[in-house]
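Asker: Pasting a structure below so you can have a look.
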Amino acid sequence: MDQKLSELVEVLTTSGEPQLNPEKLKELKKICRSSDEHINHVYHLLMTQLNQEHAEIRLSAFQIVTELFARSHLFRTLLISNFQEFLELTVETDHEQPLPPPKEVAQKMKILAIKTVQEWHEKFGEAYKKLSLGYHFLKQNKKIDFQDVRSRTQAERKREEEKQRRLENIYKEKVKKATAEMEDMLEEIQSSLTEMENCFRLLLPDPREFAVFTDEKDFASDMRTKPTSQSPSHSKSTSQSSAYSKSTSQVSFDNDDEQPCCSKNLPPFPSSCTSSASGAERSLGEGAKESDKSARKSDTDDSDGDYEGSREAFLRDHGLGSHAYSLSLEISTDLKVNENENNTDVLNNLMDAHKLLKQKYWPAVQSWIQLFTKAGTNSESLKCAIDVKKEIEAALKKYKEMNIDCHTKERKVMTASDDDDDDDEFEEVPEKEGYEPHIPDHLREEYGLEPSASKQPGKKTEVKRPNVPQVPPSQKRINDELNPTCAAATMKTMKDKMAKALPGSSRNAGEPKSKCPKRETDLSQAPVAPCGLDLHHWGEEQPSAGKMLKFSSLHRFWAPNEVDEEVESKELEALVKTRYVTLPGKFEPVKHKCLAPMPNGSLCERQDRYKCPFHGKIVPRDAIGVPINAEDRAREAREKFEKQGEEQDWRDPELMREIEQATGVDLGSSKCPVKGKGKGVKRNLKKKYPNLTDLKQKANTSRSRLEKKVFNTGSVKRVISAMNQADKRRHEKFANQFNYALN
């Protein structure tokens, strides 16, 4: 029955489900109801499962504890006697022993445990003093708010407060740096905005800046006075207006020169005259006013008649039927600025300022606003940043609306053709007097040059036709090649030597093929053997064989060369004239196999001559791998017994697995050899509880994927080889320089 209880508890706690299996739980309750010993055994099994480092196992075990706590007095007594350990394993009262992963399941179990303890206190608190003490301990000492849904302890609150305080300090430092940066860059941003605005005004001036008439009444009165100046009755009004203007000018202006010259001869407007009249004119008598009114009335009637006549004459002269014409003009709203020689500099400055705003200042202002918003500061810095952002947006929008069409800037790169053109400029320069580019033959040796090929007897000059057409050298290059002190002369000499050596070698190599075809055939069929001095001088006298120079004095210059003596050595002569020929014998291939039994049940197929690197000395075996000789069988049995005796008794995989289940400590049972054949047993042991969350499995995050690629064995080897090559090149380059060697 105890075995049945253990199996039920293990199945229920390792299911990995959020809710227990009702049938299994009912069967467990039925067994516990039969005897108190079973309850005691179940209690120890559940406490063992609560000590497991897996939150899903603890949650299932806690659910079983809740079911049995409500139905058994003995189980309540056993649990309350060890209530402190129970709270540490479920409520996390000891912050040094946090709940195991997965984190979500652990948090769920903690909330459920606190609610359950509160229910137990309300139901059984009066009967069990330790339960009441545990409840007050959680409430008063651990500061657990049982009404709080999150059920945070005092340690959790303290951690949250420290985290929040740390974040606030970080944001304060960032805001301080951003404010200082904004103060430094604000002047530059305003300067760029002002520069863009000035460029906009230069490219598209405002029409209001060029308005001549500021009032429609002035424009209408000016248009009306123009035709009246042509009438015959204008002389009378002109004299009156001139007198009137003269009097007003004396009153309103101290000096007539202050009045603009373009407005001196214009007739004064009635509205302007009345508005600029002085106090002396206002004091005129009523009689003068009435006479002026009558005169003005007569002048007005005459001017109206003249205006009508001039209007009809204007229509007749211009071929117009009437003034009642309506013109509809279609004005294109699409704006486009084309680049020309007049606005190139302005556009360049505008584009530079636009690039600076868009690529540097715009991202900086956005980051400032984002930082100030996250920090929650409603200071002047945030308002200033928002205003600057609006100004930048307006400038960028205006630049986009202008639709600027700029020419593509082509960057001119100096090429070899440009250098040739520069060299061609010097071709027409006359040579200096007395300069002889040709070096005589008797002076060529003094300059380090070979004698000319044309003067050597018995040699015919060969005419070489290059495959690639060469560029005709310039006069400057020819002069450099003829000057023996220049590097060009040395290069030309080396090229000439190589050109002479190549045709000669090819010609000599081609002669045997045409002249001695039989010799070539014999050489191809002849065997090749290593050649020594004895074969090299076969059948010839070797005068220097076995002779050595003996120096009576080891000094470099005290003894003359004639004093050197030759000594014959018989040993050296014997070595030169002796030849050793090895006769290894006939090769016999290996026909036997190792045939030692393998762990997978097969036999070793290695064909070594004397010793197998895996199974030792090769001995004759039968078809199933058992040694034929009795001595070999006894030796293998003795070695196997000694190997088993070296292993410790407690390292039994099954015993280690049971200890790990009871204590929750990994003793390394998975690394021990498993009894049985094949790989199925090991696979089943690894997946003993497939429903539980695998804690060793890494989360599939971007960091883990990058780590898998970066720390891959092949990648690491490639990086190491590249670094070694770089160090090797650096060492080869600066090996003899102590300054670089110490770095």
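One is the number of the first residue shown, and numbering goes on along the chain from there.
Cβ coordinates are placed from backbone N, Cα and C, and glycine is handled just like the others.
Grabbed the feature section from Swiss-Prot, which reads as follows:
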REGION    2-145  region 'VHS-like'
COILED    147-199  coiled coil
REGION    221-310  region 'Disordered'
COMPBIAS  226-252  compositional bias 'Low complexity'
COMPBIAS  283-300  compositional bias 'Basic and acidic residues'
COILED    380-411  coiled coil
REGION    413-482  region 'Disordered'
COMPBIAS  417-428  compositional bias 'Acidic residues'
COMPBIAS  429-447  compositional bias 'Basic and acidic residues'
REGION    500-525  region 'Disordered'
COMPBIAS  510-522  compositional bias 'Basic and acidic residues'
BINDING   Cys594, Cys604, Cys612, His615  Zn(2+) binding site
Asker: Grab the pLDDT values for the coiled coil (380-411) and give me their mean, rounded.
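Answerer: Mean pLDDT, the coiled coil (380-411): 82.
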Asker: Around the Cβ of Cys612 (Zn(2+) binding site), how many other Cβ atoms lie within 10 Å? Please give the count over every shown protein chain.
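Answerer: Cys612 (Zn(2+) binding site): 17 neighbouring Cβ atoms within 10 Å.
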Asker: Is it possible to list how many residues within the region 'VHS-like' (2-145) are helical, extended or coil according to DSSP?
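Answerer: Per DSSP, the residues of the region 'VHS-like' (2-145) fall into 107 helix, 0 strand, 37 coil.
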Asker: Let me check the 10 A CB neighbour count of Cys594 (Zn(2+) binding site). How many other CB atoms are there?
Answerer: 22
Asker: With the Zn(2+) site defined by Cys594, Cys604, Cys612, His615, which remaining residues of that chain have Cβ atoms positioned within 8 Å of the Cβ centroid?
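Answerer: Near the Zn(2+) site, the remaining chain residues are Lys593, Leu595, Ala596, Arg606, Asp608, Phe614, Gly616, Ile618.
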Asker: Restricting to the same chain and to sequence separations of six or more, state which residues have a Cβ under 8 Å from that of His615 (Zn(2+) binding site).
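Answerer: Those within reach of His615 (Zn(2+) binding site), by Cβ under 8 Å and sequence separation of 6 or more, are Cys594, Ala596, Cys604.
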Asker: According to DSSP, does Cys612 (Zn(2+) binding site) fall in a helix, a strand, or coil?
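Answerer: DSSP assigns Cys612 (Zn(2+) binding site) to strand.
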